[in-house]
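Contents: one structure, followed by commentary.
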Amino acid sequence: MAIPEEFDILVLGGGSSGSCIAGRLANLDHSLKVGLIEAGENNLNNPWVYLPGIYPRNMKLDSKTASFYTSNPSPHLNGRRAIVPCANILGGGSSINFMMYTRGSASDYDDFEAEGWKTKDLLPLMKKTETYQRACNNPEIHGFEGPIKVSFGNYTYPVCQDFLRATESQGIPYVDDLEDLVTAHGAEHWLKWINRDTGRRSDSAHAFVHSTMRNHDNLYLICNTKVDKIIVEDGRAAAVRTVPSKPLNAKKPTHKVYRARKQIVLSCGTISSPLVLQRSGFGDPIKLRAAGVKPLVNLPGVGRNFQDHYCFFSPYRIKPQYESFDDFVRGDANIQKKVFDQWYANGTGPLATNGIEAGVKIRPTPEELSQMDESFQEGYREYFEDKPDKPVMHYSIIAGFFGDHTKIPPGKYMTMFHFLEYPFSRGSIHITSPDPYATPDFDPGFMNDERDMAPMVWSYKKSRETARKMDHFAGEVTSHHPLFPYSSEARAYEMDLETSNAYGGPLNLTAGLAHGSWTQPLKKPAGRNEGHVTSNQVELHPDIEYDEEDDKAIENYIREHTETTWHCLGTCSIGPREGSKIVKWGGVLDHRSNVYGVKGLKVGDLSVCPDNVGCNTYTTALLIGEKTATLVGEDLGYTGEALDMTVPQFKLGTYEKTGLARF
């Protein structure tokens, strides 16, 4: 299909939000020409996308499906430079993310303080997006006819129930639906963005773009194309200038211009959307001139208010009789053949899950809060106390070692994956040149507010006790835990001798061999009390008592290991142009997502969020996509059923297969 040079609507960026926006608007009126420009490659029927269980591959440093942005050095990370990846493929994060179905809290959207963005306004759009493929007792808050599928996947590792028993013994109650918009403290069997009927990942591009292009001819897809700048004519966004995603000729860049008759929607993501605006002349005039760009609209908030969820991992050894995904991701050919054969036979087995089977959202008890430093206690009172639907931390269990398996010995593992839901820290990103390929000035602000440390330390202690109460537990991976003093009761321990011998087998001559005393095996746990009916009543290892020196070790570990959760947002915030309590540097968009100071230009991606959301952000990205498409439709004069913008269902067997030669 030939690509025209002029469209009615241009959507710049085919990520989770952009794919939704383009697909919906192409189904608003099939006489509208909609263009979708994406920097990454097409994801159509790409096995590295649709096979859920191989998602870690997309996060390797040589990944072709992600771009990696390196920050400035930070004293809050012990001098480290943070690496923040962003998806670089059609579908954006929905093509390569962890597939965790998590909703924000009702107060999250109310806190946007923007007309039309209250949770009561947005709930119909949340329901419109999803097909909830599990039994539930609250159908009034879920959708059952949407293009994106939600299920438990078609496989569950045994670690799920072990984790839930352990968290219950800690006073974290099991909740049937932790994503009900109001529950902020509980544990659940975690749902996934996986289609139960097929075992495939449920990504935004297949759901909205490919399904539409198969059935209608008014949606045009332009991949491997980077947005350089937006061209403004007579106060209106009229066109966009693009370049190839990778420079073909550094001395003579190849530009191409596409025009839009009615609307341009910028959806390049939290990192790239502000950079596009800045190259187009929108931003802080002082910073724009310093970068060699003529200011067009004075909007100091562009690129400010950068937020993320701060993540760290703590891995543990598990007993050899339990199941994990370690042998599969390590490259055991026999295991891989068995797993792939099962999935291709019927869409089930370990490939039909992400291995993240259960997790918690938690708030501290009054006693736990009293033990945290005063700065966080004050922050808690200001931000959390009157919003009981907001969790402070999340952690979940991964059925294997999440990391580079060439760096650890063979064996079986489990990993605790934590993230801070509402950091107080803020960062920024700005262009350094008009060149679209230039490296930006990037300070993500990780941990630059002291109030963020206490809940991170608390969650490490909390999840460690969860691990120690699990039947799977066989010791810490000591290289990936805080370096506690040798004499501390909190120090990490290797596998116990019995487990080492079980892994080694009768012919192994060195299992349990110790070099001096710099590593120690796990102390033998207390025996089971057979008088108890359920194992979650049995405390196998006593709770650890941490002293001040131990806390410093945890803090240092967090500074050295905290990283992005791929959940960044906020750099093109909705808010008053003059600023507000939550948008201190000034809003970039009005409540209808219009960029201040220009006509015909909206932003529709996670960068619009003025404040954080307590969830894995794919849910919010889809919600923003749905909201933006509705706003555009309304602005164009459509009403009633036309705004349903129903997309066709994606069906297998009706599309060409794409090769993997470039991967």
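Just so you know, glycine gets a Cβ as well, placed from its N, Cα and C.
What Swiss-Prot says about this one:
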- His567: active site, proton acceptor (ACT_SITE)
- 8-38: FAD binding site (BINDING)
*Of these recorded positions, Arg24, His567, which scores lowest on Cβ atoms within 10 Å?*
His567
*Take the C-alpha atoms of Arg24 (FAD binding site) and the residue listed as 'active site, proton acceptor' and report the distance between them in angstrom, rounded.*
24
*Tell me which residues of the chain lie with their Cβ under 8 angstroms from that of Leu36 (FAD binding site), as long as they are six or more apart in sequence?*
Val11, Gly14, Gly18, Ser19, Ala22, Val209, Leu219, Tyr220, Leu221, Ile222
*asked:* Taking 10 A as the limit, how many CB atoms besides its own sit near the CB of Cys20 (FAD binding site)?
replied: 34
*DSSP three-state call for Leu32 (FAD binding site): helix, strand or coil?*
coil
_If I restrict to non-local contacts, at least six residues apart, and a C-beta distance under 8 angstroms, what lies near Leu12 (FAD binding site) in its own chain?_
Gly18, Ile37, Val227, Ile230, Val240, Ile264, Val265, Leu266, Ser267, Cys268, Val276
*State the Cα to Cα distance, in Å, between Leu28 (FAD binding site) and the residue listed as 'active site, proton acceptor', rounded to an integer.*
30
*asked:* Need the DSSP three-state call for the residue listed as 'active site, proton acceptor' to compare against my parser.
replied: coil
*asked:* Counting only residues 6+ away in sequence within the same chain, which have a CB under 8 Å from the CB of Ser16 (FAD binding site)?
replied: Gly91, Gly92, Gly93, Ser94, Asp203, Ser204, Asp605, Tyr618, Ala621, Leu622, Gly625
*Here are the binding-site residues: Leu28, Leu32. Which has the lowest count of other Cβ atoms within 10 Å?*
Leu32
*According to DSSP, which of helix, strand or coil covers Cys20 (FAD binding site)?*
helix
*Within the chain of Asp8 (FAD binding site), which residues six or more apart in sequence place their C-beta under 8 angstroms from its C-beta?*
Leu32, Lys33, Val34, Ala260, Arg261, Lys262, Gln263
